[in-house]
Amino acid sequence: MGIAVNNQSLFYVALLVLIALFIAWREKLGLDRDMIIAIIRAVIQLVIVGYVLRYIIQLDQLWVTLIIATLIIFNASYNAMKRSALKSFKISLAAIGIGTIITLSGLILAGAIKLVPFQIIPITGMIASNAMIAVGLCFKTMDQAFKDQRQQVIEKLTLGADLKDATLPIIRMSIKTAMQPTIDGAKTVGIVSLPGMMSGLIFAGIDPVRAIKYQIMVTFMLISTASIASFIAAYLGYRKYFNTRKQLKSMN
Amino acid sequence: MQFELNDVGITRENKVIISNINLAITKGDYLTIIGPSGSGKSTILKVMASLTDPTSGLIKYNGQNILTLNPINYRREVSYCVQQPTLFGDTVRDNLAFPFQIRKIKFDVTKAETLLQEAHMDASYLDHPIENLSGGERQRIALLRNIIFKPQVLLLDEVTTGLDYENKAIIHNLIQQMNVDHQTTIIQITHDETEITQAKQIIEVNDGHLVTGGHA
C-alpha cells in the first residue's frame, strides 16, 4: 500500500494552514480566531473518533455498534431540527431515524454490507448526514413557503380545504427542494467529483472497477434516504403550522 | 337566528382588536359593515370565517357555538372572499376546479362554464393563464370559487375596492343573485359610496366597537 501519512508528514502539511492564516490576517478577514478554533477542533474531534472507532471495531459487539448508530441518528436529528422554526425534535428524529433504518436494513438484507462495526458505523454516518441535510432543507423550505404563500393557504382554508389540500404545493416543493442536492450529486458523480467512498477505496489501492460498485451502492442509498426522510419530515411537519381548529398559526 | 355574536372580542398581547361585538343575523340578510381602516372590520369577518377564534364572547351559527363545529365543513357553508385575492395554480380551471377537488368530486365543466358566463366571461376563459387576467377578472374568478357550491353565508371583505364601474356591476349582480335566488346571507365590508347608499342594513365599526346597528 502506498498510504504513508505519518506524524511527521502531518506536521509538514500543517504548515499549509499557515498560508491560510497569513491570507486571513493580511486581508483583515477577521477569520483568524475562527480558523484556529476550527483547526484545533477538527484535530481533537478526529483523534477522539479515531481511538473510539478503533476500540469499537476491536470490541466487535453488536450492541455497542447499535448504540453508536443511534447516537449518530440523534445527533443528525438535533442538527436538522435547528434549521426549523418548528423546533420539533420528534419530527426530525422520525424522519432521519426511519430514513436511516430503512436504507440500512435494505443494504444489510441485500447483502451489500454486513452487521459489523467497521461497515455499519461509517455507512450509518453517511446515510444520517445525508438525511440531515435533506430534512434541514425540507424544514427551511417549508418555513419560507408558509411565509411566502400564507395568503394563498388562508384563502384555500376559507373555501373549506382540509389542511393537506391547502398545503399540498408547499409539501411538494419542500420534498423536491430537499431531494435536489442528492439528485444533482448523483448526476455529476464521477464527472465532477470522485466521491469519498470511491476515492477512499482507490486511495487504499482497490481496483477502481470494484470501487465504483461501492459508489453505485452509496448513490442508491443516498437517494432512498433523502426521499424517505424528506417525505416523512414534510408530511409530519406541515400540520404543525396549524392549530387544532385548523387555523394557520401566526409565525413571527 | 343564523348568526349570533355575543360580546365577541379579541385581545392580542394586551391590545384590544375588537370588543363587545353583538350581532344578530337572520338567513338571507344583506348586511354592510362600514368604518375607518384598522377599525377591526376585517377581524370581525375573520372570526366569523373561523380563521381566528375570539378571546372572549361567543359566536353561534344556527344555534351552535362555532368552536364546537368542524371548521372544514363550517367554512364550506360560511365562505370568506378577500380583496386582492391570490389565484391558485396556472389557469382559471385550476381555480374553479379547486372547490371540487377538496370535496373529492369530479370537476363539473358545465357548471363552471355557466358560472363564468354569469360573470361575463366565456367558456374559453377556463384555460386562460391566471397571469393574463385583469384585476377585475381575478376578483370575479375568486368570487366564483366561493360561490360555485352555493354557501349559506358569504363574507365579503372589500371585494370591489379598486375596480372599475363595469367590474363592480358584474360582482354586485353575482352577489345580488346569491342573496335573492339562493337566500345566501351576505355580510360585506365596503368603503364604496354607492354600495353604502344602496345598503339595506348598515353597521358601523370604530376602534374595535360597534357604533351603530347590531343589537346592544
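Cβ coordinates are placed from backbone N, Cα and C, and glycine is handled just like the others.
Feature annotations, reproduced from TrEMBL:
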| type | residues | note |
| --- | --- | --- |
| TRANSMEM | A:6-24 | transmembrane segment |
| TRANSMEM | A:36-57 | transmembrane segment |
| TRANSMEM | A:63-81 | transmembrane segment |
| TRANSMEM | A:93-113 | transmembrane segment |
| TRANSMEM | A:119-139 | transmembrane segment |
| TRANSMEM | A:188-206 | transmembrane segment |
| TRANSMEM | A:212-238 | transmembrane segment |
Taking pairs 6 or more apart in sequence, does the count of Cβ pairs under 8 Å between the transmembrane segment (A:63-81) and the transmembrane segment (A:6-24) hit 3 or more?
no
So which residues does the transmembrane segment (A:6-24) touch in its own chain, when a touch means Cβ under 8 Å and the partner is 6 or more beyond its ends?
30-32, 35-36, 39
Do the transmembrane segment (A:93-113) and the transmembrane segment (A:36-57) share at least 3 Cβ pairs closer than 8 Å, excluding pairs fewer than 6 residues apart in sequence?
no
Taking residues 6+ outside the transmembrane segment (A:36-57), which of them lie with a CB under 8 Å of any CB in it?
17, 21, 64-65, 68, 117-118, 121
